[in-house]
Every structure is written in structure tokens, then in C-alpha cells.
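Chemist: According to Swiss-Prot, the record shows the following:
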- His153, Asp155, His235: Fe cation binding site (BINDING)
- 309-333: region 'Disordered' (REGION)
- 323-333: compositional bias 'Basic and acidic residues' (COMPBIAS)
Amino acid sequence: MTVDTAPQSHYQETKVSEIPIVILKSSATDDVAAHEAIEALKVAGVCIVRNLLDRSTVDKVRQELQPYDKQADSFEGFPKNYCQVAGLLSKSPTYAHSIVGNKLFTAVRNYFLTSTYECWAEKGTWMSVKSPPQLDSTLALYVNPGSGDQGLHRDDATQQNWNSGASEYSLGRDSGCAMMVALTECAREDGTTRFIPGSHLWDYQYDHPSNDDPRIRYAEMRPGDAYLMLSSVIHAGSVNYSTDRRRVLAAVFAARSHLRQVENQYLTYDIETVRTFPTWLQRFMGYSLSKLFQGWVDKKDPLLVVDPNAQPEGEDDGGMKPNEGEHVVEAQI
């Protein structure tokens, strides 16, 4: 799709010049790291988390995804040699548990994407409800040798999100966020993602900068590192100049609960496969209600289709608890 006319380009300032880095030293620092990541995302729209996963976990994800590597397809709108594999929840249990259910990412997505809605329910009754985010899509991203530059873009265009310029971040600005974990070395020369830190606060009416903009920064990572980004930040995949190095990322995207999912979770996985997932994941992927009572089946909680004995929402984890049996990071900022 092309646009015949658009507002002219306009230089927009940023308050940050580099991608912030959060170092996760041990599980005891999860709360601190979540707080640091949230603060960094407010300022820059993107941050790198060092040591999110240990090497054995990374290797296990790669091993589980390896049978699907040859099935990686190119997609319309992406550069040549840029391939993806979708539907990862059933392809890699380790990905589902350690990446989708990662405690730090859970805290980040809940902070930025939990929707609060208030209204008069009826005469004399004021109502306030909160809906946690939902899974948007799951992808393994492969940038093969010879892959070209992806165009700078914002991911929230798929959700038809639109923002005016802002001097500082306010909750409600974003419709989605993502975390991408490095499964290989991710260096500038082999196609790592590039960003314009601070562009999440820009006015959407103006065109994106050119690929040689001096404010562009590259998310260079080692296996087990990750970057988190808000869907409002301008970014793109890059040229892989190497002749023998394939850059691989495992990505998870989240969105507000009332939006249509980019990846159709209900057709991607058959119901018998969904029944093998833990309750928190079933709810997060969409078998739950977005307040007020959106997404019902026969006027009931959709999780009852998966498990007729499921507890009503609010009496179990409600989709908020990753890695069942583990402590949940609560982001209180």
C-alpha cells in the first residue's frame, strides 16, 4: 500500500543518544532489573538486558527450533534472505517457559500494556476494571548472509496506533511491546537490529528518518542477551555483511487485551495442543476475558472450552503468572 500525499519530513529531537543497558546479574536482582528496564523504556523506547538467559537455556531453545530452521520462510515486505518461523509455543517448550514466561518481560509488559477502563456502568454505579495484556505473536527471526536493510518503521502500525509528539512518556501511549533474545552473536556486521533511541516520543505525522541518520544505534548482543522495545520506537533489521554467520533471535510480542492479535493464536494451535500448555499460558495467548467481558464463548470464560474444570478468572493466576510455582515480579513504579 502506498500513500499519495504525506506530511513533509521534520527533524525531531531526542533526549537520549544511546540504547540503555540493564545488567541482570542473578535471579535475586529481577525486581531491580525490571524497574531499571521500565525506566529505560520510558526514556529511550528500547533497552538491552545483559545475561537474561544462561547459555544452557539458549542452547536448548536453539536445539528445539533446529528441526524448523529449514522451514524458515521469507515474508512479503521483508528483505531477501530475511526469514521467520512462527507458532513457537508448541515448537519449543523452553521458549514458551523461559522467554514468553520470563519474569522480567512479564513485569515490563504488565506495566506498559495493562489497560484500565473506567465508566458509569449504570445509574449510580461507577466501574473501574483492569485487563492485563495478551500474547500478540511468537517468532524466530533469521537474518542470513546477504540480507539487506529493512526499512525503518514502527511495529504499532499493525495495530493502527497513532501518537502526537511528547516531551516525556505517559502510560497509555503504547499498544504493544516486544522482547527479542539473541540465540547467536548479534553484531552490526551480521544484521543486528538498529534503533533510534527516543523516537517513541516523536510525532507520528512526520516521515521516518533516512537509513544514514546519525542517531541510529545498533543492538549488539551476545547469546542470552535480549532487547526490549516499545512498539512506538523506530527500528529495523540490518544488512548481514558476513558470508557465513546467520543471526537468530527468538521474539515474543505482547499487545493490549482488546486488540486483534497479529498471529492468530486460535488457529495456530489446535485445541489438544493448547490443553498441554499451563494455565497462565492458555490465558495469556487469549483464552481469557478482556474486561468488560470481551472474548466470551457461550457467555462464559473461553478457558472453559479448553478445560471444563478451570477455575473462574480471578481465582487462579488470571494469565498474570508465568513459570508456575515461581515468584512473579510486580512492577510498581
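Note: Cβ is positioned from N, Cα and C throughout, glycine not excepted.
I'd like these features described in context: how deep, what's nearby, how far apart.
Modeler: In the shown protein chains, 24 other C-beta atoms lie within 10 A of the C-beta of Asp155 (Fe cation binding site).
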Chemist: Compute the mean position of the Cβ atoms of His153, Asp155, His235, which form the recorded Fe cation site, and then list in sequence order the other residues of that chain whose Cβ is within 8 Å of it.
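Modeler: The surrounding set, listed in chain order, is Leu152, Arg154, Ala157, Ser231, Val233, Ile234, Ala236.
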Chemist: For a quick check of understanding: among the binding-site residues His153, His235, which residue's Cβ has the most other Cβ atoms within 10 Å?
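Modeler: That would be His235, with the highest Cβ count within 10 Å.
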Chemist: If H, G and I count as helix, E and B as strand, and all else as coil, what does DSSP give for His235 (Fe cation binding site)?
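Modeler: DSSP assigns His235 (Fe cation binding site) to strand.
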Chemist: With H, G and I counted as helix, E and B as strand and the rest as coil, say where DSSP puts Asp155 (Fe cation binding site).
Modeler: helix
